[in-house]
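This report refers to the structure that appears directly beneath it.
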Amino acid sequence: MSIDTDTARRVAKLARIRVEEEALPALASEFNTILGFIEQLQEVDVTGVEPMTGVTPMHLKRREDVVTDGSQPEKVLANAPDAREGFFAVPKVVE
Amino acid sequence: MTGLTKLTIAGARDALRKGEITSAELTDALNAAVDGADRLNAYAHKTPDVAAKQAQAADERLKSGDAPDLCGIPLGIKDLFCTEGTASQAASRILDGFKPQYESTVTTQLFRDGAVMLGKLNMDEFAMGSSNETSAYGAAVNPWRADDGVDLTPGGSSGGSAAAVAADLCLGATGTDTGGSIRQPAAFTGTTGIKPTYGRCSRFGIIAFASSLDQAGPMTRDVRDAAIMLRAMSGHDPKDSTSADIPVPDFEAMLTGDIRGKVIGIPREYHVDGMPGEIEALWTRGTEMLRDAGALIRDISLPHTKYALPAYYVIAPAEASSNLARYDGVRFGHRAKLAQGDGITEMYEKTRAEGFGPEVQRRIMVGTYVLSAGFYDAYYNQARKVRALIKRDFDQVFAEGVDAILTPATPSSAFGLGAMKDADPVQMYLNDVFTVTVNLAGLPGISVPTGLDHKGLPLGLQLIGRPWEEGDLLNTAYALEQAAGFVSKPAKWW
């Protein structure tokens with residue numbers, strides 16, 4: 001599997017990270033080095049093996065489906081880059 | 001009293017309880033040491049005011065006779081732990097200015113026991129790195145030096161924690177370990193670091209990297225201190241559904257040094273190509289020390305070992321790409337300046353390009369790729385199946401009666417800062433070759449300083465234990481520590 005600049009551009013877009021056009025070939029080359037390294041996983045016989053979901057066999061605990069937290073909008077907004085009137089502010093999303 | 005900064009946690013605890021010293025004196029001495037060590041760049045955010053208040057409260061508590069082990073003990077806290085009202089930015093520009101409105105469970109428990117926070121410690125950005133060089137604060141510097149005087153890495157990602165403990169800038173520090181980030185820096189600095197069983201310490205309030213692998217643990221001067229600190233950090237937390245609801249024993253009380261009859265496995269797959277002769281020799285010496293202490297040595301096989309690093313470099317980036325999606329410039333941290341007409345997509349893309357360093361960007365994108373349509377089965381599911389086989393290897397040797405496994409901690413001693421600048425990313429990843437299996441299998445592992453190499457730099461050995469048996473593992477480590485008699489300290493040059 002070899003990654004070209006088009007794939008690198010697509011992955012950067014999916015990850016929502018701006019990568020300038022001239023940086024794409026180097027990025028693709030780095031991906032190829034890393035993917036070349038992980039390619040060796042394909043030689044392992046995994047017949048009948050389930051993908052691991054959690055490393056410790058455990059049943060997740062359950063609790064009552066009730067509100068346990070909330071009513072602290074000031075704390076929630078305290079670190080926002082732009083908060084107005086009790087809301088997070090972002091650039092216009094809908095025309 | 002002189003030498004306050006060199007006390008162990010156990011030594012300071014006993015002196016505090018006897019009233020020979022006060023936490024205020026101890027904290028003052030350490031604050032002064034921290035201020036004199038800016039060259040090491042171990043502390044990213046100093047908190048002398050917080051420390052002074054906590055020390056005063058601890059002294060009152062000590063007088064009243066209600067003093068847990070850590071009461072009045074000054075610690076450093078890795079920047080990955082959210083500490084209420086104190087900058088916590090995972091050494092990333094994207095969390096510039098972030099001051100959590102809540103406290104991580106681990107630090108809550110440390111403070112409950114009276115611990116004093118000296119500051120937040122440097123680390124690799126989002127704990128992604130093995131040399132502390134991906135930090136937005138610049139690299140922390142190892143207090144150890146060879147004769148050539150070159151600045152060395154303290155390892156990573158918990159490099160600031162390791163440097164601070166080694167240079168006597170705190171009595172102990174918190175670390176986190178996703179692929180070796182406690183054990184490798186401990187080995188590079190002649191300190192002790194344990195990653196407990198996955199689920200032993202709550203992950204609540206620890207900035208997430210790879211949630212199925214991340215665990216917190218202590219970094220200390222010796223095994224006894226690791227036992228004391230780990231007990232305080234451990235325990236069930238309803239805020240982390242993967243934290244285990246099982247009792248936390250008094251690990252320190254389990255340190256007898258008696259390991260007669262214990263079976264120690266020596267895995268043949270850990271003899272990797274190109275390993276320096278002195279690492280092999282150290283490993284052999286460590287094996288002999290445990291045998292002399294009465295342990296039974298057994299050669300074992302962990303056949304899927306060579307696939308651990310590639311599996312890790314699928315699973316960890318995949319989880320990171322998901323965890324780090326939250327850094328979008330909306331709720332906290334950095335937001336890029338936008339141009340006229342930029343919409344929300346531009347805001348995300350510019351914010352993340354400015355906020356994340358190159359290694360973090362690389363891992364997010366690798367993770368995005370292995371999770372993307374068409375590749376999910378070939379990479380991500382394949383890696384999770386291989387992970388199951390790696391765990392099965394360990395399950396089998398433990399079922400056959402092995403109590404602990406002895407391996408090298410790292411494939412070399414500390415290397416120079418900048419030495420890997422031109423290497424490809426995979427070369428840096430190889431630092432974790434002996435430690436990463438332990439995270440994939442969720443096991444406890446400890447790095448114990450065991451010797452010096454020909455350059456006079458510390459080397460460590462790793463012991464891997466059965467799940468939930470940190471007490472037994474710490475005791476084996478204690479026996480190794482006693483036999484190795486490692487007492488070297490770096491000469492102060494900073």
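Every residue, even glycine, has its Cβ placed from backbone N, Cα and C.
Annotation comment: TrEMBL describes B:Lys78, B:Ser157 as active site, charge relay system. Feature annotation from TrEMBL assigns active site, acyl-ester intermediate to B:Ser181. Feature annotation from TrEMBL assigns domain 'Amidase' to B:36-474.
In the shown protein chains, 36 other C-beta atoms lie within 10 A of the C-beta of the residue listed as 'active site, acyl-ester intermediate'. The secondary structure of B:Lys78 (active site, charge relay system), as reduced to three states from DSSP, is extended strand. Chain A has no C-beta under 8 angstroms from the C-beta of any of the active-site residues B:Lys78, B:Ser157, B:Ser181. There are 36 other Cβ atoms within 10 Å of the Cβ belonging to B:Ser157 (active site, charge relay system).
Under a cutoff of 8 A between CB atoms, and with a sequence separation of 6+ in the same chain, the neighbours of B:Lys78 (active site, charge relay system) are B:Lys120, B:Leu121, B:Met123, B:Ser158, B:Gly160, B:Ser161, B:Ala173, B:Thr174, B:Gly175, B:Thr176.
A distance of 5 Å separates the Cα atom of B:Ser181 (active site, acyl-ester intermediate) from that of B:Ser157 (active site, charge relay system). Looking at the domain 'Amidase' (B:36-474) alone, the prediction's average pLDDT is 97.
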